[in-house]
Amino acid sequence: MPSNKSVSDAPIVQFTNCRILRDHQLQREDLWVREGKILNPEKLFFDEKGSADVQLDCKDSIIAPGFIDVQINGGFGVDFSLATDDFKSGIDLVSQKILSHGVTSFCPTLVTSPPSVYHQVLPQISVRNGGAHGAGILGAHLEGPFISKEKKGAHPEHCLRTFEAGAFQDLLATYGSLDCVQIVTLAPEMRRSSEVIQELTKRGICVSLGHSVANLSQAEEAVQHGATFITHLFNAMLPFHHRDPGIVGLLTSDKIPAGRRVFYGMISDGIHTNPAALRIAHRAHPKGLVLVTDAIAGMGLAPGRHTLGQQVVEIDGLNTYIAGTKTLSGSVATMDTCVRHFQEATGCSVETALEAASLHPAQLLGIEHKKGTLNYDSDADFLMLNDSLCVQATYIAGEEVWRQDGSGM
């Protein structure tokens, strides 16, 4: 048996006086961290005869896994769908600023854009771990341009595309590269979409259904070919109809392959989805609900005019519209606000609200062995929150990367 020293010389930090979200329950336990990972204290005591080097009193805070935002178009004046020379500094700014909202990992999202934008922007997005510099990047989410004209929402019509003879080759030519791509949103009713879904899935890319007029059988066929996600449920799709519930019907479909779960994004900002619709979705399929911000460049900025890719948008309170219209265009809500609104609107448990922003997106992306939980050996990306679910501190790999300065709490 190796001695404690040969196992690791790294300091062990013990977080005490806290309630940890583990196994779907808040449990009054200590959290042990070493070298950026959650430690099993039993192994530490019995195998290594080790103990804590540092103890931190959490003053009865909740400790929950860091939030994961799989759909965020930008924020704080930065638009991920704009090809700029200083794109990297823009993505760095957003990843730094969202730490205060509890986001420890995210998928920078590009709305429908011309091929030149994808070719310029995608090589500048690289998957990376989070840290003091900001939240980790899990890969890009490409929302469009292979979506429905009828349900384009805030996406510019002149940039929309269909799959032609080449199908998957068309997609490759449009994006230029799939190296850093984690999610692609497309409309499953498009001709040849099935082969595209299969090709993307084969490459480990998550396919999401959205901006679509698909009926339920088209949506079910897409899931049978590998699609696992629905982009902002209820928004930019056919409304639920009892004779053909469309994509919404996937929440209770009996045609989902055995062992597969369909996840769905919800913008829980009180604007995009009526609280009653949020409750209906949650009660129908609680384990699939993934909170997303769908935040645009105007998040964190004053009301007024801002951009979303090729379009100008107007912010009025929490409402964001394509300028001169009443078409909603993404949100300016932060992830911690979405978590609090979701809990309030549905009356769900604190645990359920926190897991919708952490465990579920991790499961969607197949990374729940290292993110989205506080299980032993997982990444020590976590938050300290008060009972009102306001973020007090954010930790990545066991290091504090943001702390509330004491004001406003």
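Backbone N, Cα and C atoms are what each Cβ position is placed from, and that goes for glycine too.
The active site, proton donor/acceptor annotation in TrEMBL covers D294. The Zn(2+) binding site annotation in TrEMBL covers E143, H211, H232. Here TrEMBL flags A154, N235, A236, R243, H272, L328, S329, G330 as substrate binding site. According to TrEMBL, the feature domain 'Amidohydrolase-related' maps to 62-401.
On the 0 to 100 pLDDT scale, the model's mean across the domain 'Amidohydrolase-related' (62-401) is 96. Fewest Cβ neighbours within 10 Å among the binding-site residues N235, S329: that distinction goes to N235.
Taking Cα separation as the measure, H211 (Zn(2+) binding site) is nearest to N235 of the recorded positions A154, N235, D294. Within 10 Å of the C-beta atom of A154 (substrate binding site) sit 24 other C-beta atoms, taking all shown protein chains into account. Using a 10 angstroms CA-CA radius around H232 (Zn(2+) binding site), the binding-site residues that qualify from A154, H272, L328 are H272.
Candidate binding-site residues: A154, A236, R243, L328, S329. Nearest to the residue listed as 'active site, proton donor/acceptor' by Cα distance: S329. Spatially close to A236 (substrate binding site) yet at least six residues away along the chain are I147, K151, K152, G153, G210, H211, S212, judged by Cβ distances under 8 angstroms.
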